[in-house]
Amino acid sequence: MTTLTDPPKEHFRLSMLLYDTRYRSATIQVIALIGFMLLAAWIISNTIQNLEALGKPVEFGFFGEAASYDINQRLLEYNSRDSHLRAAFIGLLNTLVVAVLGCITATIIGVLVGVLRLSKNWLVARVMTVYVEMFRNVPVLLWIVLAMAILIESLPAPRAFRGDEPEATMKLFDSVAITNRGVYVPDFLFSRSLGDIHLFGTSSLRFDISLDLVAVLIVLAGSIFAMRKVSAFAAAKQESTGDRPTIWYIQLGILFAPMVILLTALGCHLGYPELTGFNFKGGTHMRNSLIALWLALSLYTAAFIAEIVRAGIMAISKGQTEAASALGLRPGRTMRLVILPQALRVIIPPMISNYLNLTKNSSLAIAVGYMDITGTLGGITMNQTGRELECVLLLMLVYLSISLSISGVMNWYNNRVKLVER
Amino acid sequence: MSDVSFVRTEMLPEQAPPASEVGLIGWVRHNLFSGWFNSILTVISLYAVYYVLSGVLPWTFQSVWNANSLTECREIMMATWGSTHGHACWAVINDRWLQLLFGFYPSHLYWRPILSLVLLLVALAPVLYSDRVPTKMLIITGIYPFLMPFLMWGGTIWGPMSAAIGFVLGWFVYNLLNKQLSELIGMIGAAVAAVIWWLILSSYFVGVMDSILPIGIEAVQSRQFGGFMLAILLGVVAIGVSLPIGIVLALGRQSDLLIVKYMCVGFIEFIRGVPLITLLFVASLLLNLFLPPGTNFDIILRVMIMMTLFSAAYMAEVIRGGLAALPRGQYEGADSLGLNYWQAQRLIIMPQALKISIPGIVSTFIGIFKDTVLVSIIGLFDVLGLANAIRADTAWNGIYWELFAFIGALFFVVCFSMSRYSMYLERKLQTGHH
């Protein structure tokens, strides 16, 4: 009779590092790590040698020096005596402005086009296909430069608005002026303003928060909270008694009444742009570079979003639509209650990467002279100080942090709406 | 009694459907005016189409083809149609199209980029249409990566030849060591041998061979490259080189080896997190700092390296998606057949994973090809950089639609055909039962 015993324990031999799969992975990893470290050390030592030869040791002191260049489109106050750090901060805010504006308009246009592309209307579907293919297959930089050229070359100059019979007139009840120097839109003014809070004193990151804006936001949040309470109450009543109380006029009242009261109390009115001398004064001035970048990025990204939306809707099986109509839902409600909630789960992940792309593409602002972070930190600051290494590395770091934050937030949202399976 | 019946005993003859339901009218009713909302949409789109076409068609076709400047163009327009508005001045394209296509490439050598393009199509044919083109043509595909730089840059033939010898040497060493020792040592040995050849021995080899047998054609400097040719050159190189690197990175990211995995993840996420323009800044300003003092290699090569790394990171993510979509059973099946890692990848995993990721791969290709215009920002004269130069020229100052329409059309043709090809490939490779 034989007995099964454990095989004799093998002693470790050096050759097992190569031939035994248990140890081979360790060998490969060690070799890879050594190779990587050698490469890194080689690059770093080269860089140090090269910088020494150029007489430019790595240091970030230049950020405190006066930037001495102007940024014409900005959210916060800035003048050319401010530091390079302040300029980079203003640039960062400009990047975020165009990214947020672009994401919003791209989503609106993209969803609309994506749904219309699936329309049963032959002509509409074709027109939308042409739009999508045209924008997807031509570089975004071309669209940006073209938009800029169109704005500058074809729009009327401010002086065309002058005189008794002007060549150009302001649009939208004389409130918006579209000129070749940019678009002037009315802004909100408060005659009984609450004032501002100044944050961070006089440092480079200083900014003011308008208390009026804070008040408006608080009231808005309160109204929305109250509206949700009311609709929860209505839902509870429907659960218990079977009929739903009519609440839409209460909802409207809650939404608008406090806001109107607040705005009247603050003395809110619109400040219209007016032509004085050679240029418009008053209102908010959006420069052509911002408009061109915003327009081109939105239209370009919208074409991609349209394709994602279309694919998302098509991914929902036809059985869902048929089941919905068997239940007696009308097409509009089928879309809203059955198709879109399911399609959303397919749509969100690629949507995240498109928002990221839009944000990264906003760095092309440098081609039209919009002063975003690439234009300030990676453009004029770099050229003036000659600190390529520091500026480019910081620029990459900034974009990396923006990308990681966006993808973090969007992934959190994605996990929240994701279908939980088993 | 039986001849009285209350129901009809014979069928009625079939009637033609109402005129409003068939033919053109029926189609229009069903597709364009099926309800009030659809009718409004149709009317709006009809107006939009009319508005665009009524502007674009006369602009395109009632145009000036021969003039030396925009002013002359406008004079001709005034003389012919009485207005300068709504007429294209294609004369700018007629005047500068060679420059827009070839940049400052010497005009007597235009045959070389053209020959390269033709050979590119020949080299791609056995890859793209594997079922219709004989497999032997793959030899041209193998030679092309070395032939193309020779044709484009010119100079001695021994440079590209020596680059090719490096690969052959690596292959030879791998086979030798693989049989004698092990696969791992074989791979490392091959890499070391090739690198030693390229970095150290190659320059001696080129020098010696060039003095013995000077074969070569006229050299062209990198700064003379430009125009749409540059976009194609950068695109082809970035696309061709990034696919294998992307596959390696994707495998690295999926692998069980922790260190290798995190190196790949770090690389991919870093590259994907920054805009291409910052990587181009690295190419134009920093890459020379990273290399040993005194090395100064040319800007087009540096841009190629950064664009390749950029597209490799995106490619890696696309391929990883394909790998993740494969059912677990495929991996287990390969293991149970006793295949080792590389055999399993080559025979079982990759053919399926790549097939799944074709749409993504092609859209990455299209993306990287479109992104080549970004090189105009760092001062290379690609087609957009040249267009800006032409717009700054006094003769053509103020012209933009015609130039951008031309450039847009160039890109559109290439990108649109790539996306159509990907659809064809998807259909062809569809082996599922639908």
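FYI, residue positions are counted from 1 along the chain as it appears here.
Quick reminder: no glycine exception, Cβ is built from N, Cα and C everywhere.
Straight from TrEMBL, the features:
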- A:92-410: domain 'ABC transmembrane type-1' (DOMAIN)
- A:23-44: transmembrane segment (TRANSMEM)
- A:87-113: transmembrane segment (TRANSMEM)
- A:134-152: transmembrane segment (TRANSMEM)
- A:209-227: transmembrane segment (TRANSMEM)
- A:248-272: transmembrane segment (TRANSMEM)
- A:292-316: transmembrane segment (TRANSMEM)
- A:392-413: transmembrane segment (TRANSMEM)
- Query: Any contact between the transmembrane segment (A:209-227) and the transmembrane segment (A:134-152), i.e. 3 or more CB pairs below 8 Å with pairs at least 6 residues apart?
  - Reply: no
- In terms of Cβ proximity under 8 Å, which residues at least six beyond the ends of the transmembrane segment (A:392-413) contact it? 88, 92, 95-96, 99, 348, 351-352, 355-356, 359-360, 363, 373-374, 377-378, 382
- Is the transmembrane segment (A:292-316) packed against any residues at least 6 beyond its ends, judged by a Cβ distance under 8 Å, and which are they? 98, 101-103, 105-107, 109-111, 113-115, 117-118, 128, 131-132, 134-136, 140, 143-144, 146-148, 151, 339-340, 342-344, 346-347, 350-351, 354, 357-358, 361-362, 364-365, 368, 370
- Residues of the same chain, at least six outside the transmembrane segment (A:134-152), with any C-beta under 8 angstroms of its C-beta? 180, 288-289, 291-293, 295-297, 299-300, 302-304, 307, 361, 364, 367-368
